[in-house]
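Q: Input: one structure, supplied below.
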Amino acid sequence: MENTLGEGSTVNASVDVDQHGNDNNSDSNANAAVAGVANTDTAGEESQQQDESLKDEATVPNTRDAESEAITVTAKQQPTMQANKLDSQETPSTEESRAQNVFGQDNEDSDNLFGETESSVSNNEANTPSIPTNPVDNENNKPAIKEDSTIQDSNGDVKNMEDVKIQKEEEPENNTVIEGVKEESQPDENTKEMDEVEEDDEDDDQPMISPDNSIFGDTKSESKQLGNTSSVANTPSEIPDAHKAEQEDIIEKTESVDKKVDSGEERNEQEREIMNDHSKSANPKKTTITRVEPETFEIPQAHEIVIPSYSKWFNLEKIHSIEVQSLPEFFTNRIPSKTPEVYMRYRNFMVNSYRLNPNEYFSVTTARRNVSGDAAALFRLHKFLTKWGLINYQVDSKLLPKNIEPPLTSQYSTRHDAPRGLFPFESYKPSVQLPDMAKLKKMMNTSDSESTLYKYLKESKRKYDEITHPPSTTDDENGDKNDNGGKMNNEVSTSTSMTGDANLLEEGETSRPLKKVKILEQIDENWSKEDLQKLLKGIQEFGADWYKVAKNVGNKSPEQCILRFLQLPIEDKFLYGDGNGKGDNDNGLGPLKYAPHLPFSKSENPVLSTIAFLVGLVNPKTVQSMTQRAIQSAESIKSQKEEISDQKPIEHIKEGSEIAISSLGYRSHIFATNEERQMNFLTNELIRLQMEKLDAKLNHLKKLEKFMELERKTLERQQENLLIQRLNFNQNSSKIVNVLSKCLNLISDSNINNSSVAEKEEIRSQIDHFKSMLSKPETLSIGKNPFNKPNIETGENHNGQSISNENDVKPISIEAPQFYRYWSA
């Protein structure tokens, strides 16, 4: 039964591990205990006795008697089992503890079916003898657990048991540590459980001890042995009949518990295999288990981030008031998708993405691909960050996106098209082919009945006569109308006589009443030459103020003045040509010879186009009066054809010249305006030139002042040098006089021939000094030694050569800054 006991101990250990939450530790302790690790010397002696008992052990069949339910064991096993009872008496039986855990504890503690501590399990396994198992146990794979009951002497004294219990409570501290994890013992709970089991054993199930201190067995252990079909009995005696009823109840209860144990065994087998692998590779050193914290995703900074100084208010963790004012849509709390949190997420994403590589342009498209939200809001946020230099500030200008525009087409040629009768407004361009001027002159000749202009004027006169003078039936009526012509002009005609379009009317219909033009009554042909001169003079003086012009004339109204001015011909055909008025040659074309230069030369009929243009600038009523005047002129010319005269119409020539001059006077204000503009331009130009001339003189004066200031400074410096030289001369002269007087005194005091060598040397030295002072007089300078003292470093060496020392002379920028400014310029 060695394998069976080993499995049973493993089951006890695994169940106990479920109670304390240390499955791996308890299984490792169990494996270490089975491997033969003993805690005390007593355990070593017991293991030696087990080996000796196994040698003499005989096979005992494990048979079950249904009637007596007794289990027999060989007599050779009794001493070994009795010796092991001392170690097992401090703990209750395995089956009793399991029953107590099942029926006396909560459901959460139902996994700990054996109620033993880890130390007791390991000790029981170490002290349990090896008992062979039968083939039935191996087939059913059920552990045969030996029941260890409490040991009592013949007098019923349990003092020895308490001593052993106290000793055993101290032993868990010496248990083996596997994989560096220390077991945690629970002496309080185990002691409580053992006390309860001992009380139940003493009251109910007192075992009977044979004279040789062998246990006949107790009820609970026997019931467990019957349930597992394999057990160990302490004596070959039978179970008392008084306990059969309790035995049957316990068997039924333990079967339900065994089912739970079987389900836990499958799980424990897997844990056992894992722990066996760990136990093989376990080291005696304690290992520490450390929790690995998840690594934070941080990217080291690889670029220097630069933002403009005016954006130092920006902070990634806060929202500034500038942002609230620039993008208020995120801070109104009206739109759920636009909140300050969403704004910070958008903003920080753009800023962080840009700062990963500040040399690359961060576009709006990149933000839209990675951030979900309003595209317009993202665009405004991107524009705001770019404006303040928070993004795209370090990007090279060559990498910035450029506006894609179509190529320029200014060099393309274009062709202008216009409707007929219109012309493009462009500068003068002479036509390639000149028109037929003779034909044009013939068309403009009003004296020729075949000309187009004559026909047009005649037709206009006919229509006008039909409107103003309807035909009458009798001559009397005509006479009355002629007498009362002024009255007819002021009334509206309601005549239904036939007019030019009367044929278009049906019977019973009348044409609309025609209104007479009131301006016709203002026409006055009684203009004298003095009145015309006053009119032209008034136009020259007052221009278009016709009230003043009429006042200047005196006896005419403003309307009459206007009509008379319009009746004046602009050009006269007698002013040009040979004076015969025919204009057959080219010299008689007059202004028409310049027709190709007019802007109407490209039209089909330039004459009519010119007339239409000029007529459009005048009041229609005025045009009508001018037409009437032209018709009257044509009739007078026709009547004069019969009277051929060789004399030239001098009066007409004079009148034409006056008209031309008056027209020029009328248009003089236009030329005056142009001249006034030209005068203003010339005046401004003259003022500008005078100002430039004045500025040039002032600049020249400033230069002269600077030059005079420089000369003054130079003169002051020369005066200072002269004064220094005078002082130096006086000083040197006094020194020379002193030396000379000293030499003379020496010579006079003693005769040179009789003097000693020392006196001669002194005289010689004084003479040499006198020579040196005469040859090289002392000079004052601006250096460190201005008076050339012998003990101070000077600019001369011992050989008399001057040495330039830069430290002796100050630079010009320090000594005279005003001169340095002029020289540097």
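Residue numbering: from 1, along the chain as shown.
Placed from the backbone N, Cα and C atoms, the Cβ positions cover glycine too.
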Q: If you check Swiss-Prot, which of Ser237, Ser657, Ser772 turns up marked as phosphoserine?
A: Ser657
Q: If you check Swiss-Prot, which stretch out of 404-432, 578-606, 694-722 is marked region 'Leucine-zipper'?
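A: Checked against Swiss-Prot: region 'Leucine-zipper' maps to 694-722.
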Q: Looking at phosphothreonine as annotated by Swiss-Prot, pick the matching residue from Thr235, Thr339.
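A: Record lookup, Swiss-Prot, feature phosphothreonine, residue Thr235.
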Q: Which of the listed residues, Ser88, Ser119, Ser130, has Swiss-Prot annotated as phosphoserine?
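A: Of Ser88, Ser119, Ser130, Swiss-Prot lists Ser88 as: phosphoserine.
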Q: What does DSSP give as the helix, strand and coil breakdown of the domain 'SWIRM' (305-402)?
A: 52 helix, 0 strand, 46 coil
Q: What mean pLDDT score does the domain 'SWIRM' (305-402) have in the model?
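A: Computed over the domain 'SWIRM' (305-402), the mean pLDDT is 92 on the 0 to 100 scale.
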